[in-house]
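Quick notes on the structure that follows.
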Amino acid sequence: MGCCSSTEIKRDWKPLEERSCTDIPWLLIFILFGAGMAFICGYPIATGAASRLVRGYDSYGNTCGKNNTKIEGVPLSGRDMTENKYVFFLDPCNLDLINRKVKSLALCVSKCPAAELQTYNDVKQFSLNNGSHLCSYDISPTRYTSHADRSTKCPKLPVLPSCYAEFAQAFVTFVSDNSVLRRVVAGVMASKEIIMGLCLLAFVLSLIMMVVIRYISKVLMWILTILVIIGSIGGTGVLWWLYADHRKALENNTLSVFGKEVASDNVKALLVYSIGATIFTVVLLLVMFFMRKRVALTISLFHVAGKVFIHLPLLALQPFWTFLCLMLFWVYWIAVLLTLGTSGTAVKNNSTGLVEYQMQGPYQYLVWYHAVGLIWISEFILAFQQMTISGAVVTYYFTRNKSQMPATPILSSMARTFRYHLGTLAKGSFIITLVKIPRLILMYIHSQLKGKENACARCMLKGCICCLWCLEKCLAYLNQNAYTATAINSTNFCTSARDAFLILVENAIRVATINTVGDFVLFLGKVLVVACTAFAGVLALNYQREYTVWVLPLLIVSVFAFLVAHCFLSVFENVVDVLFLCFAVDSKYNDGSPGSEYYMDKALMEYVENTKKSGLYKPGDGHGQELKSMARGGTSA
């Protein structure tokens, strides 16, 4: 189960030809954990908490809409509330935001007021006419106007249909009084069709960008190179110009003694900055010169990635399925969390005489188990998407004859993941969970101690949070490459992570180039989608000049366009990363000779030939041998 406990079996490199189940112990652990999550879901249902959440309950432990059992020590419990199906709060606007509950006596009633009740006599008449008691059960409706405890056991006057009416009225008043906000809201409402159309345009542009970015990546590379050269040389030139100007001013004898000292310090500082900027610029330009061939690899990978999306169009839908699965799981998680809030044993609060539900003993830790489940299962769903993408792209790369590919490579990749590699996903996602939980705990502590801790403690907390965040990102990147190695060679998680790490280290310069230049190109792609969508929005909104405030509609459209572009181009980035690992393995263990032919695409083949001609291709990168052992671990299915 650990990283060093599996028995490795050496075998020849045969991508996709041999499949075996990986990390079975971790799959069993994940299934047991899922059974625990199911128990947490069943516990509130079995104890009646789910019924209390759906039906509502009063302050005496009675669930509305059903016949209840007596609670010892609570005289007003155990009442038949079959006809009383609604919950009525005596003071619904008295909210306890810290404990997230309404600080008010709650009753089960058969009917709630539909209109405002101004006096206790109105409350009395409503109760007598409708048979719905709005005061505590131990007070007869005829005594509403004269009872001594009516201030605590009867509703606060005036009785409103809901306290939200006050909030809504206040909001409407605020909007009416604020002319700018009124115009902004009116502009959004009048432009809702345009906003929906522009959001659809952002979706279409993102899809187009995923295909055409392979054609414009070279142009974007040149743009990046020119901007870096202009910025570095221009910045250095400005520093030297400032140094010369300050030195010339210092040579003039018009300054005071104090002014000369200040000017002399500035000249020295500018000289140091200028020399440092010059050294940095020279080093940067030299690195760019020697890495220009590495940039060509990024362009080739982008070109092949565009072909992948043409052959595997369903890859573009992966963000939708993942988002849908996450939404369904999060809705389920929140529903179970709410039922846990009403779970436990009915306990009488001696200070108020009311009933509260509290989980006691080991059951009080169910919420923490549930919280861990939120992180682990969410990461598992994201890992499943990464494995699906990796499996499909690996199938594309290592299939020489593309006409022999499966009819639906995405579905085939999903099926392989379900059958063989769920344990690997469970292990990889659990590692991310182990890092994410302490980071979230530290973030919570930092938020709770904000303004109370000293500067040293605050700095230490932020440093720990930053380190954990960096570790999480590094592990996530390694996990993604480990999933790719598993998809290629059907090895367990630790073996795949080790092999992927060694390959990435051997190609460290290439990895750095792809992750910097490639990420910048994708960022420019996102900016291009947002810019085109916003420009189209300006042209469309120009036909509604009577609504001069375009800020909110354009902001909504731009944010949505960026999110959509980010989702699609993130999938594109994953595809590029998978292609690079496949290329690195292919170029290392094959050299194009008979019996050791490359699997790579023509664009990557041209890159290899060009690097060979320029002398950058190391002899050890491909020496005619077949790939031996990315060793296989795990148990055969």
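Even glycines carry a Cβ here, placed using N, Cα and C.
Caution: TrEMBL annotation is automatic and unverified by curators.
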Given ranges 87-107, 297-317, the stretch to which TrEMBL attaches the annotation transmembrane segment: 297-317
Long-range Cβ neighbours of the transmembrane segment (270-291) (under 8 Å; 6 or more residues past either end): 225, 228-229, 232-233, 235-236, 239-240, 242-243, 246, 509, 513
Outside the transmembrane segment (420-445), six or more residues from its ends: residues with CB under 8 Å to it: 19-30, 372, 375-376, 379-380, 382-384, 387, 461, 464-465, 468-469, 471-472, 475-476, 479, 482-483, 486-487, 490, 492-493, 496, 634, 637
Which of 219-243, 297-317, 367-399, 520-543, 550-572 contacts the transmembrane segment (324-347) most, counting Cβ pairs under 8 Å: 367-399
Contact check, the transmembrane segment (520-543) vs the transmembrane segment (367-399), 3+ Cβ pairs under 8 Å, seq sep 6+: no
Spatial neighbours of the transmembrane segment (194-213) far in sequence, C-beta under 8 Å, 6+ residues away: 188, 302, 306, 309-310, 316, 521-522, 525, 528-530, 532-533, 536-537, 540-541, 544, 553, 556-557, 560-561, 564-565, 567-569, 571-572
